[in-house]
């Protein structure tokens, strides 16, 4: 009966096709041994192929080694391929810190991906069942989740270019163990599952039995709820993608730029789902659980009256508020734009082109007697009276107390204030190019020029400066 039920679910949900090569994650416990046994039997009937992968986390000494030997032998008895991958969870934890179970899960899925690629698998089958679904939903409720989190685990989803399937999601732990006894299977028992040191184990041993005392069929009820939510999620997914298209101003270099005004005009439900979509993408759909707390932190950041703020989220995600933009990205040295600090001033070639450090681009200087209206002008350009402007000209970064007398103003103003008015993000103000003489700041490219050497009807020679902005801090792309 168990076999027939699983077979029927696979057929009804089209989880496996005749041409598929299915890689089964096998720990050696009852769930994964039953799954591998069922798929091996079914493959003989339908024609798809099956292989196994076992990940040795090296956390339980000789017990872990015995698990690996057992899985190898079991696969040999079924004439199936078996890849055993050793991962160093303890070493990785010392290197990175963090939760041991989370690191083990990440390394396990990395191993699955590696073997799936090597074996050219089209499906990865995992042995989660109905009781696991109940535990997953309860864990999400405890940690904090939105409605979509109540959908629990999916029967099938795309993962790393292949299908990740859970053929046992409709059967209980008791049914799996009964099948093992009926078929004469003798799976391994993981001693760590008996401990209450982990939250999930405590939930399994203490909370779930209590819930079962109120309703012995609670797992089935949760499974039905998850199915209903998942059907509704298909509609929400379409609405969320449409909303994301409206509010995500730009997506590049592994980061998302969200227009705050457009985002805040969305209904709150869509705000949450857009944030969750972005975080899921940054966390590679499964590396970390997207919690309601993380989503709400990002929403709160968007609503802050402060034009500049930053928060750190789990998994190395950074969310930054920069005026009317919200930036979400994974913090790493590879996607950070780095600009060297200018310890010295850089002389400008007059005339000529001067390259700036890092990603700041270059400044072009022209001497001309062409009238101003014939020159290409814009925020990244400035024109001075050539005969009145003191030389030489240099480029440097902002210094404490810097002030400039903007064109048209009688007094001097702090460069910091001018940058804030121009909504230059705080993180790049100290790496923003300034054009100076020995005595004063004459131009903040893309923002304002000073009152030095203004062009008048009597001007005969012009000095024309243009900033060809690079990929670093800039007010306007050239």
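Just so it is clear, glycine is given a Cβ too, placed from its N, Cα and C backbone atoms.
What TrEMBL records for this protein:
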- 27, 28, 29, 30, 31, 32: ATP binding site (BINDING)
- 393-467: domain 'Lysidine-tRNA(Ile) synthetase C-terminal' (DOMAIN)
If you count the C-beta atoms lying within 10 Å of each candidate's C-beta, which of the binding-site residues 28, 29, 30 ends up with the smallest number?
29
Kindly report the helix/strand/coil residue split of the domain 'Lysidine-tRNA(Ile) synthetase C-terminal' (393-467) according to DSSP, in that order.
13 helix, 24 strand, 38 coil
Write out the long-range same-chain contacts of residue 31 (ATP binding site), meaning residues 6 or more apart in sequence whose Cβ is under 8 Å from its Cβ.
127, 128, 129, 168, 173, 176
If I restrict to non-local contacts, at least six residues apart, and a C-beta distance under 8 angstroms, what lies near residue 27 (ATP binding site) in its own chain?
54, 55, 67, 71, 188, 190
What residues, ordered by sequence, lie under 8 A Cβ-to-Cβ from residue 32 (ATP binding site) and sit at least six positions away in the same chain?
24, 25, 26, 126, 127, 187
For residue 31 (ATP binding site): DSSP state (helix, strand, coil):
helix
